[in-house]
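See structure below.
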Amino acid sequence: MSIERNVDLMKWSGPKRPYDLVKEFVIALVVVTVLVGACAAIFSSPDERAITLQDWAKKAPADFVATTNGELAGTTISASYGPPYNSAGEGLQIGPLKIQKWAGVTTPVNPATDFVINPLQLSTDLSIPASLQMWKAASLEEQTTWANNYASAIGKAGDYSKVVPDNSFGPVPSITSGLLAMAQGGQLDGILTTAVSPFPSDFTMPMLFIADGTYFDDLGAAQHLHGDQWGMMNETGSYPGQSWLWLFSSMYQFEPFKSSENADPQIFAVLMLLTLGFIFLPKIPLINRLPRLIPFHRLIWRRYYRENNL
Amino acid sequence: MLLSAISLNGPAKYLNWGAISLSIPNLIMIALIVLLFVLALAIPFPTHKGK
Amino acid sequence: MSTMWTTKLRQATIERIDPQDALPDNQPSYVASWIYVFGVLTLAALVVIIGSGIWITVKGAAWWHSSSVGHYVNSVHLWSVELFFVFMVVHLWGKFWMAAWRGRRFATWVTGAIAFLASLGTAFTGYLIQTNFDSQWIATQAKDGLNSVGIGSFFNTLNTGQALLVHVALLPLAVGVIVIWHVILVRRHGVVPPLDASEIAGGRK
């Protein structure tokens, strides 16, 4: 029954009532302004201070060193990411569609070079140039072996500061502690935020680095912001967040997406379909009949139906 | 500093029900939507004399 | 070309609306429910969002971290967004249960749905440019989803300068245009009559 009724198409010529739309808007604006002004005064808004590389290096030096070593070993998230940052991985895919790979490397990031080696060239530590020279002179295989050896030594000792020095680490301990000192002194923040341009507006470098560590991740988990904590909807503190993302957020909590490696693009694809459904909802059979089947409209127009004995 | 009357900077409480985890502040916002919808349907709109 | 595109635009939009229907002081008698005020409430919240947003724009993105007035304006911006979504969802539910797409009002539904989606994107980019922990977190989390479908190759959530411009220039323009279009369509077609209203003699003359 898709034939549209005459009365729906025609200009209404039945009885009318006074209803000043301009007045309605002005009243609405006043009410909303007062309401919002009051909410703002009573509840304020959250402002959890941003994290710097310096915060991270000072508060969690062990994590900083382990992550720096991970960048050298190529084992961190960003060092093995793939497009759009590098070619270290293939990225995710939806079935046979490797969209992430096809989109290509558009924001080039080489974590070992960009986060560690290049910044260290500005270090004032006199032992660093020799360490860097040794690193650069080595083959990729040697470099990886050093970093992996150091990683397992840290793993065994529990903390880089408890690791017994050993030649099998090559210059890696010197490099990681050199970068730690630069980060703790605050220089690394300046270097990485100006890596793309001396005018900082792009935080890709420092944020990819920070997000590779567990310090930042733990802060998010403590605020209930992780994806598997429905974090997409949540806000720091006790503020309401983006609750309108409930559907998006919920999909990560259930199978088949929960355990899928390709959950991101799969969920995106499903949401695109649902979005199309939402836009074209009036054309979807059955769903466009729901307003008739579940008669909320009897309530909305109850006076009209009553007055016309319908 | 303008101090807010109610501080919402402390950690939120969460309702957990199986795989569902919902913060109380988000629950309040969602409940507000449902409440407004119900009230909008239930409360009679002021009448004027029709023209 | 017989008619200028400007004329066609005028004919397709403003001139389709009967001057008496543009900002009327009366409505069909069936317009008698509180559900009808939620469209206008959504618009009012949007005006407060834009107003507070312009204030922050004038002062700069990091102003609110150090100024108590700035923090208050930021709070106004946040709460107007929260209420905007609350009102919009009630409006959406109301229009769904009224089957308000009847009578060539399909485009009104579509523009409303797109306005909702554009608002999601605008809110998201707003969260990215708070320049605090929350925006760092959201940027690092959201990048993976966007990268996985190729969007990351032209929109980088970690590029705060890009997110800032998208949020204050591009998306408000998009939301503004689609909302104005939506309102023009609403005024042009009038408020949808009750379901089964055609059975009443009074409704059709």
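Numbering starts at 1 and runs along the chain as displayed.
Keep in mind that glycine also has a Cβ here, set from the backbone N, Cα and C atoms.
Per-residue pLDDT, averaged across the domain 'Cytochrome b/b6 N-terminal region profile' (C:1-195), gives 94. Here TrEMBL flags C:1-195 as domain 'Cytochrome b/b6 N-terminal region profile'.
Taken from TrEMBL, the feature transmembrane segment applies to C:34-56 (among others).
Long-range neighbours of the transmembrane segment (C:76-94) within the same chain, counting only residues 6 or more positions beyond its ends whose Cβ lies under 8 Å from a Cβ of the stretch, are 35-36, 38-39, 41-42, 45-46, 48-49, 52-53, 56, 100, 112, 116, 119, 123, 126. Positions annotated as transmembrane segment by TrEMBL: C:76-94 (among others).
Proximity of distant same-chain residues to the transmembrane segment (C:106-129), defined by a Cβ-Cβ separation under 8 Å and at least 6 residues beyond the stretch ends, is recorded for 61, 77, 81, 84-85, 88, 92, 95, 100, 135, 138-139, 142, 157, 160, 163-164, 166-167, 171-172, 174-175, 178-179, 181-182, 185-186, 189. Positions annotated as transmembrane segment by TrEMBL: C:106-129 (among others).
Annotation source TrEMBL lists transmembrane segment at C:164-185 (among others). With a threshold of 8 Å between CB atoms, the same-chain residues lying at least 6 positions outside the transmembrane segment (C:164-185) that come near it are 13-14, 17, 43, 46, 50, 53, 57, 61, 105, 107-108, 111-112, 114-115, 118-119, 121-122, 125-126, 128-129, 155.
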